[in-house]
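Since the structure comes first, as structure tokens, the remarks are kept for the end.
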């Protein structure tokens, strides 16, 4: 019997309204929500769909933040919009740029809370890693975010806002009247920042509806990857309601080790998780599932682990991303040696699976995989203390 996923309803997202009595922030509203809001503000129902489409394109295609600039709308209608609505994004507190070009943004959201967003430029593409929660409930022992307690879920607007802020910083909004440029600086999006996306399903789903909309931010679902530690009851919903690529934060080949590295395994173990994945490619029209596997020296990197991994995922269209562990202050683990990682990858490759080794990016600014944590929450524990807590 499958358990219901705990969607942390005890940690409610803040409403999209500005201070009491203020206008409604439309960033993150779905098309249906925006149209209903326009009607409630006095837009005639027969015009609502057209007006919604016009506002949508101004906000998400052109990046406009001022209703007065929406020049294909009548002046009195622009005034009505300004009276009832606002276009408000989170605030960039700091921006750090790594020696390799990676950018890390510390972003302040409603309530003064902070999350981190990372932009990774690569040859021919640019990947944006966004956060879905302030902190995390999962306490994965190798992950820096897991040492920060969950504060709250992000709203759909706060998730979409991360994309818009980075496009601001990169100057990626099109210029009206200029020739069309198909180059995309933000071409890929990964939900791999702070938090477990499937513990904030509704807001993540609604945010992705905005991000994937062809008349706005227009990122293809094939270029969006959601990474989950294994919230089994929400995996089928992800396929049906979002349909993006799926990555599994796997990291171990036995329940004994995964219970420690990824404690959610105690609720949904390896077999239960893998059984839930077999239909995902068909339901979502995805080619394959990505298994993420962090390489920890002496913990999960043996030849036996590699052979078990291949056996476990047999029958699931997949690839395995091997991630050299990115250390953070107080981390209880060390990165596997390059030779050990290469030997592990070779076993997987010879079994017929792609096994790329991820090149760490942004390590010098603590922006690499597993290193994100709100700057105001960087409480440092000693390596011995965390090792004692995890039992390794």
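Glycine is no exception: its Cβ is also placed from the backbone N, Cα and C atoms.
Look at Swiss-Prot and you will find 116 tagged as active site, proton acceptor, backed by sequence analysis. DSSP assigns residue 116 (active site, proton acceptor) to a strand segment in the three-state reduction.
What Swiss-Prot records for 369 is active site, S-methylcysteine intermediate, and it gives sequence analysis as the kind of evidence.
If you draw a 10 Å sphere around the CB of residue 140 ([4Fe-4S] cluster binding site), it holds 24 other CB atoms from the protein chains shown. Taken from Swiss-Prot, the feature [4Fe-4S] cluster binding site covers 136, 140, 143, and the record attributes it to sequence analysis.
For residue 196 (S-adenosyl-L-methionine binding site), the count of additional Cβ atoms within 10 Å of its Cβ stands at 30 [all protein chains shown]. If you look up Swiss-Prot, you'll see 195, 196, 227, 249, 250, 251, 326 marked as S-adenosyl-L-methionine binding site.
Taken from Swiss-Prot, the feature disulfide bond applies to 129-369, supported by sequence analysis. For the recorded site, residue 129 (disulfide bond), the DSSP three-state label reads strand. In this view, residue 129 (disulfide bond) is surrounded by 26 other Cβ atoms within 10 Å of its Cβ, with every protein chain counted.
Mean per-residue pLDDT, taken over the domain 'Radical SAM core' (122-364), amounts to 93. Feature annotation from Swiss-Prot assigns domain 'Radical SAM core' to 122-364.
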Between residue 249 (S-adenosyl-L-methionine binding site) and residue 143 ([4Fe-4S] cluster binding site): CA-CA distance (Å):
11
Of 136, 195, 227, 250, 251, the binding-site residues given in the record, which has the fewest other CB atoms within 10 A of its CB?
227
Do me a favour and check the Cα-Cα span between residue 251 (S-adenosyl-L-methionine binding site) and residue 140 ([4Fe-4S] cluster binding site); whole Å is fine.
10
Just give me the nearest neighbour of residue 195 (S-adenosyl-L-methionine binding site) among the recorded positions 116, 129, 136, 140, Cα to Cα.
136
Surrounding CB atoms that lie within 10 Å of the CB of residue 143 ([4Fe-4S] cluster binding site), all protein chains:
26
